[in-house]
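Engineer: Supplied in structure tokens, the structure appears directly below.
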Amino acid sequence: MSSACLSMESRASAAPAPRALPYYVAFSQLLGLTVVATTGAWLGLYRGGIAWESALQFNVHPLCMVIGLVFLQGDALLVYRVFRNEAKRTTKVLHGLLHVFAFIIALVGLVAVFDYHRKNGYADLYSLHSWCGILVFVLYFVQWLVGFSFFLFPGASFSLRSRYRPQHIFFGATIFLLSLGTALLGLKEALLFKLGTKYSTFEPEGVLANVLGLLLASFGVAVLYILTRGDWKRPPQAEEQALSMDFKTLTEGDSPSSQ
């Protein structure tokens, strides 16, 4: 058993990082930062900027949602591709913390829009964008709680983690896609409310917002491409392989040394 573990450890440590992966990750980060900067430029140039105690409070909402549920959520999903050889627990903690920061920032954005509506007597939760937004926010919170319970809470068994991991990955990617779609819905809604029929006359704000929409979609495509490349997955570390083989031995009766 010890010799097998040593052999596995040497193979895991010697596994080189895919040559193209750093370039794709860097490109995704460039896109993500451009999305955040373009959102700020749109709000600053055409929506008056950002402030909490004024009519500009609403603008806190789109900026926080883009930073939290788009950029930081995307980065949290990429943690296991970027930090390929670090200790698994360290990577899990970073993954969880990025999701916490994303959730807190998104919560600020959610509070901002509800408070803005309350102060101005506007109705809540009537649009498709708002329905999708609440759904995404609740799913995101539940996903984090369940992920913490299974992967960071010390009481979860290895077998339980192994069985839930595919569902966790699937729902993580699904919520990210829903977040992008909701952001695009909100962007279109904001343009129609302000520009109305002027939207079809290529108003500068409409053009900039369309560019922002394309950047949002491009960032999503870049993140999902990196996530779905099977050969770019994080290689299992020695302790993970040993645990997996022990679990297989207990459940299927195989001998670890025969693998």
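Using the three backbone atoms N, Cα and C, a Cβ is placed for every residue, glycine included.
Residues or ranges marked as transmembrane segment in TrEMBL: 21-45, 65-83, 95-114, 134-156, 168-187, 207-227. Taken from TrEMBL, the feature domain 'Cytochrome b561' applies to 27-228.
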Engineer: Pairs 6 or more apart in sequence, C-beta under 8 angstroms, 3 or more of them: is that satisfied by the transmembrane segment (95-114) and the transmembrane segment (21-45)?
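Structural biologist: Contact between the transmembrane segment (21-45) and the transmembrane segment (95-114): absent, because fewer than 3 Cβ pairs are under 8 Å.
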Engineer: For the transmembrane segment (207-227) and the transmembrane segment (21-45), check the count of CB pairs under 8 Å (sequence separation 6 or more) and say whether it reaches 3 or more.
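Structural biologist: Counting Cβ pairs under 8 Å (6 or more apart in sequence), the transmembrane segment (207-227) reaches the transmembrane segment (21-45), since there are 3 or more.
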Engineer: Looking only at the domain 'Cytochrome b561' (27-228), report the model's average pLDDT.
Structural biologist: 95
Engineer: Any residues 6+ beyond the ends of the transmembrane segment (21-45) with a Cβ under 8 Å from its own?
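Structural biologist: Beyond its ends, the transmembrane segment (21-45) has Cβ neighbours at 59, 62-63, 66-67, 70-71, 74-75, 78, 81-82, 205, 208-209, 211-212, 215-216, 218-219, 222-223, 225-226, 232.
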